[in-house]
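In TrEMBL this protein carries:
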- C:5-22: transmembrane segment (TRANSMEM)
- C:28-47: transmembrane segment (TRANSMEM)
- C:118-138: transmembrane segment (TRANSMEM)
- C:126-286: domain 'NarG-like' (DOMAIN)
- C:182-203: transmembrane segment (TRANSMEM)
- C:215-235: transmembrane segment (TRANSMEM)
- C:255-278: transmembrane segment (TRANSMEM)
Amino acid sequence: MADETPKPQELLDRIAYQPPAKHWMDVPVNIRKGMYCYASNPKSVEYLSMPNARPWNPLEDDWQLPENWQQILHEGFKERLEKFRSIKVFMDICVRCGACADKCHFFIGTGDPKNMPVLRAELLRSVYRNDFTALGKVLGRLNGARPMTLDVLKEWWYYLFQCTECRRCSLFCPYGIDTAEITIFGRELLNLLGLNIDWVATPVANCYRTGNHLGIQPHAFKDMLDFFVDDIEEITGLRCEQTFNEKGADILFITPSGDVFADPGTYTCMGYMMLFHYLKEKYGLKVTWSTYASEGGNFGFFTSHETMKRLNAKMYLEARRLGVKWILGGECGHMWRVINQYMDTMNGPADFLETPVNPITGTVYQNAASTKMVHISEFTADLIRHGKLELDPSRNDNKIITFHDSCNPARGMGMFEEPRYVIKSVANHFYEMPANTIREQTFCCGSGAGLNAGENMELRMAGGLPRANAVKYVHETFGVNMLACVCAIDRAALPASMEYWVPEVDVTGVTELVANALILPGEQERTMDLRSEPLPGMEEADE
Amino acid sequence: MNDKKWIVLGLVIFLGLFTFPLWYNLLVRPGTAAPAPEVVLTDKAKAARQCVMPTEFMKTDHMQLLDEWRLKMVREGTGTFVNPEGKMFAASLSNTCLDCHSNKAEFCDRCHDYVSVAPYCWDCHLDNPKGER
Amino acid sequence: MNQFYLSSLLAVFVLALIAWLGALGLPWLFGIVLPYLAVLIFIVGVVRRIVGWSRSPVPFAIPTTAGQQKTMPWIQQAKIDNPSTTIGVVARMALEILTFRSLFRNTRMKMNGEEGRISYHLEVFLWLFALAFHYAFLTTLVRHLRFFLEPVPWCIQMLGTLDGFMKIEILYNPIQVGLPGVYLSGIVLLAAVIFLFLRRLFVANVRYISLASDYFPLFLIMGIAFTGILMRYFIKADVAAIKELTMGLVTFSPSVPAGISPLFYIHLFFVCVLLAYFPYSKLMHMGGIFLSPTRNMRTNTREARHVNPWNYPVKVHTYEAYEDEFREKMVEAGLPVEKMPAPAEAAATEEEEKE
């Protein structure tokens, strides 16, 4: 964590919910260290042949914009109004009732009024009124219109990269105005000028080339999973070898590359491997990984619709090449928004795949009949429900668990019961956080939509406050020490947020908990969990 | 887009409702306007020439006057009304108003029906206590 | 002092003054021409706006899922909050439009004390007053049909009776209210609109986001309700003459009867301004809610393919290009490949390794 990041108490003390006396159009944007992410690396922008690749620095006055940048934005705006009814309607109908204001984690954590979803949208609406409405042209500022200037552009950039597209505000909006949609649209416009952040642009370029955000090349990807095979052998005495790019496998498995790369996601990755090994040994199910489609996540989603489509295309391309029956998706948040609401439209129809059927239980996933992709929690819950997994939940007894609904599986999919059912089946101690902070009302981890960088730590900790606050409550009330989630960004972001706000709580993926409890055929007596920490009751044996 | 038909249908329903008065009147009373009804004055009313108050006042405020009369009569027991010209009347719907306007159907009801009001005077009062014509 | 609400208030006063002068000098303009014009602007404006929205396609299915998805049969689906069928969507939309369901979820966040514990509290007042406002407005509107229909149908008479059900009569010299009977809707409308205004004025964050286009309709509606109440209970108007005017309008035989008070012209002019302003303002949320893609779409997005009419092919990094770049490394790592490297190349790789 960067040294300049304020201490938790300082951060709390800074929050004032009193807006400035001046009108918001008169409060100039102040791009502050710790609150923004570095500018995109021109090489990454260029790699995707996206426009206006160049080095630039948000802190400098001159952003090296193309000369006709206002025209580019105006035309881009116009084009998108004609392509997206959502934008057109959302630009017109907001009544500024303010119901969304205190629903945003960034507003709660920073108190900055421009982080109220309504005002974030007004940053764009003000320009819309000026450029596209008659009343705005005539009445000008009185009607909330203002021309596009460099300061306005900077304000857009600053605040559109302080939104994680979590859709919590949209839940409360009486007209369903979705700030995620507005942010997606705004970022798409910014990308016309080459104004991305590097934490999005470079993973996108990596993913395009190597198949995953981290730029892991095929041989290295296999190597990393081989390390896990060794780790698992130490714990279980079994080698859970996986197959890669295997033609004729039953199922293609795709998960975020973050799980391959960094703790605690790696334990979830080991969990997948153990589960697949179990299913192969017991039921002969053949699951294969792909090095080409080795990324579940899609940072293209945080760049533009076109980029999202370009990255997402690999999933179907690879499934077709390998001739699998259907695709299984790992634990990831925005990945599932893309799969659930965009993939089929963009890159379908996937008529070369079959309607997903769990061959072990016979369950037909009618809800995935067209997209042909099933979530690992849907899959595991079904296996457990049919008694197909041999489990020892007591191995998770030292974990007092709560579940963090990730924004996208919550409000872009509605997957609430499946992971809960899985957790309750593989562990004995589970407590819910307060009702206003879970399920469809869940809070973002604070680092989604590409904001999980190191340089914006203050922003991330502020945005993570509402979630951490609810965890703190169950930690203090029920002694919760483990925060489970089904999202790789959560697994990357929440440990930092927990360390900052609730240091006694760790973060885990759901499948890690499953693998802890899963009794593999022929395994040795386990003394350690996947983290190589002693199982409950084995503490002495370990010593 | 397959939702166009729904949008058009919605618009048609909305416009149908919004313009309801136009086609309702066209159907019910084709080609005719609906001017305010003429009230019929009885001979007695004509002979009196002037009501207890000027006509303009009576058109808009008669209900208020009657309300006040009722209060005076029922609560205070004072049964007289003196108008600005100093003329005295019995403050009584039955004995004063209906004395001249004994033709409820052609006098009271015409306007009341026209503007759709249903005063509760007649819950208690006979409309023509003396049976006059 | 805030330029936005002061300018709006001033605008409404100027409008009232204009109408008052107009009533004295140009009753035919304010009684006939402007109402026709306003209705025309309203209809054309609303149709154009909605058709404009409908011209833009809905490229992606982006419903906000507010409950459990449809999944395996043993998990109960939230059929209205996460509707996978058209019936579910209709139910969801009906709840949104008739009961403001999303707004009902509203909470108020509170940061408590030193330790920084955040809590969320039920906040029903915005929902309650918004609902009261809209229903009172609707009732008032429908009730006014008695001025536009002759004979007045039974149901409209019934509505008037129901609206006047609470017999509120106050009579102390010199205050007299209650005859004609008090309509609740008018009172509720005025009270709710005042609440919504005060909320804008006194809740700091809401004041911060409010524009003139937020205050102006509030003042205008306040003016409409106020003049209406004034005409009914205090400075009484000749309703028979007024109905003659309104009936003239809807039967296209307009006339301006004598004896209509200027107050009526102010009332009517306010309504005309509201009608003409409507299509160009946020008031179009009335139509917009029906077209909101986060609410009016089915959530069966994995079950049935949504078609994007402008879906265009994009440049993708194919597997072939990928394998071409990494083939040697893949072969070396034992990963299957489509095309084995040429023997010479393979030999070269081996040699390199030996070095």
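Quick reminder: no glycine exception, Cβ is built from N, Cα and C everywhere.
Contact check: the transmembrane segment (C:215-235) against the transmembrane segment (C:5-22) gives at least three Cβ pairs closer than 8 Å, residues 6 or more apart, which meets the contact criterion. Scored by C-beta pairs under 8 angstroms, the transmembrane segment (C:28-47) has its highest count with C:255-278, from the stretches C:5-22, C:118-138, C:255-278. Long-range contacts of the transmembrane segment (C:5-22) within its own chain (CB-CB distance under 8 A, at least 6 residues past either end) are made by residues 29-30, 200-201, 210, 212, 215-216, 218-220, 222-223, 262, 265-266, 268-270, 273.
For the domain 'NarG-like' (C:126-286), the model gives a mean pLDDT of 93.
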